[in-house]
Amino acid sequence: MTKKIPFLTNYRLVCLLWIAVAAFCWQYKYFHNRYNNYLIFKYVYHHTVAEKNLYNYYPEYVDSNHYGPVFSVLVAPMAVMPDAWGFLLWSVLNAVILIWAIQLLPISQKNRNLLLLLCAIEFANAEHYIQFNPIVTAFIFFSFVLVERKKEQWATLFIVLGTLIKLYPVVGFVFFLFAENKWKFIWSTALWFVVFLALPMAISSPHFIIQSYADWFHSLHEKNGFNVGLGSSQDICLMGTVRHLTRNENIPNTPFLILGAAIFGAALLRFKQYASLKFRMQVLCSALIVVVIFSTGSEHPTYIIAVPGAFLWMLMQDKPFSRTNITLLVLLLVITGLGPTDAMPALIRRGYINRYVMKAWPCIIVWGMISYQLLFKDFVPNEDNADMERVLETREEDMVAA
């Protein structure tokens, strides 16, 4: 069968598909003058240099910036280019960095190819909306793999950098529990916080950057209030699902957040299971999903973070293509991936999928199944686990940070 489906065996072909998706989204957005998000990113750099408030509204673009000040340094190479080239580089980098991260995962090459293929629709969604989320996903993958390779000082680089840009990678701190050298994890975290808090001062002033961090937290708090609402394009999460199903936007977040933290945290108390790579990887899958389905800021393109976690969990199962998993796979591709897009008839898209934030439902179901296994399954090291360990070891040389 694999000979008949070249994408399953030809890694370069899969990579080419992702690059093609990035290039197609770039040309569609650029030549139709619909790249407002890129302009927001670009001006984070220019406003940092000019010491202008990073979170105000400006005539150059619609909406406002919600990324941390250190993002100004990350986006600088693209910001100084002409828009066409800077935007193209941004789009391609989103693809390349996430491809690289997935390639480092301790799974077979066939499963890496499958994971890339299954995530292609969600990647296209993120590219279409010109998002940083593919790189957020990559940062979480990098941090997990580097902890597994006992490179804690580099794992914390991605966790801290990602957290100071868009908060979601903060979930990577859970991998501290799996770190062999916990002291190295702690001191490197402190080091990277100092480095990345200070880094944008190289292109601005210390006073402006310190003030910008205060402005950033204020903007996030303000934005959180706007996220919740029956007419919001965000709030695509567990709490939002309940609010939309009941048509009651006053349902609070706190009970759901406590429940989610309790379930996620309870699984981490099974210390004897830490010896199993499958258990640790399943925690990775859970982390990728939980950070999205319990966030009121989650929107259509945010699911490039959660969906790889859902598909990775499926591919790790003893029977990845069981009837249940195939049903979930179809739901993830059709409802989560295509549901909110023009590929879905408007009557269904607006009347059901958007109205009841159904995009979140498959990921919520998968997270429930992952959590059940993490709480009750015995992840005894076995031959499959040993195979995964060998794959991890043989990928060691692929990580430049090593």
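Placed from the backbone N, Cα and C atoms, the Cβ positions cover glycine too.
Note: TrEMBL annotation is automatic and uncurated.
Summarising the annotation, TrEMBL assigns transmembrane segment to 87-107, 128-147, 153-178, 190-210, 254-271, 283-306, 326-344.
Among the stretches 87-107, 153-178, 283-306, 326-344, the one making the largest number of Cβ pairs under 8 Å with the transmembrane segment (190-210) is 153-178.
Sequence-remote contacts of a segment are chain residues at least 6 beyond its ends whose Cβ falls under 8 Å from one of its Cβ atoms, and for the transmembrane segment (87-107) they are 11, 15, 18-19, 21-23, 25-26, 29-30, 35, 38, 41, 75, 77-78, 81, 115-116, 119, 123, 126-127, 130-132, 134-135, 137-139, 141-142, 145, 148, 277, 281, 304, 308, 312, 315-316, 388-389, 391-392, 395, 398-399. Among residues of the same chain six or more beyond the transmembrane segment (283-306), those with a C-beta under 8 A of the stretch's C-beta atoms are 98, 119, 122-123, 125-126, 128-129, 131, 133-134, 136-137, 140-141, 144, 168, 170-172, 174-175, 178, 223-224, 227-228, 233-240, 253, 256-257, 260, 264, 267-268, 312-313, 316, 336, 340, 359-360, 363-364, 366-367, 370-371, 374.
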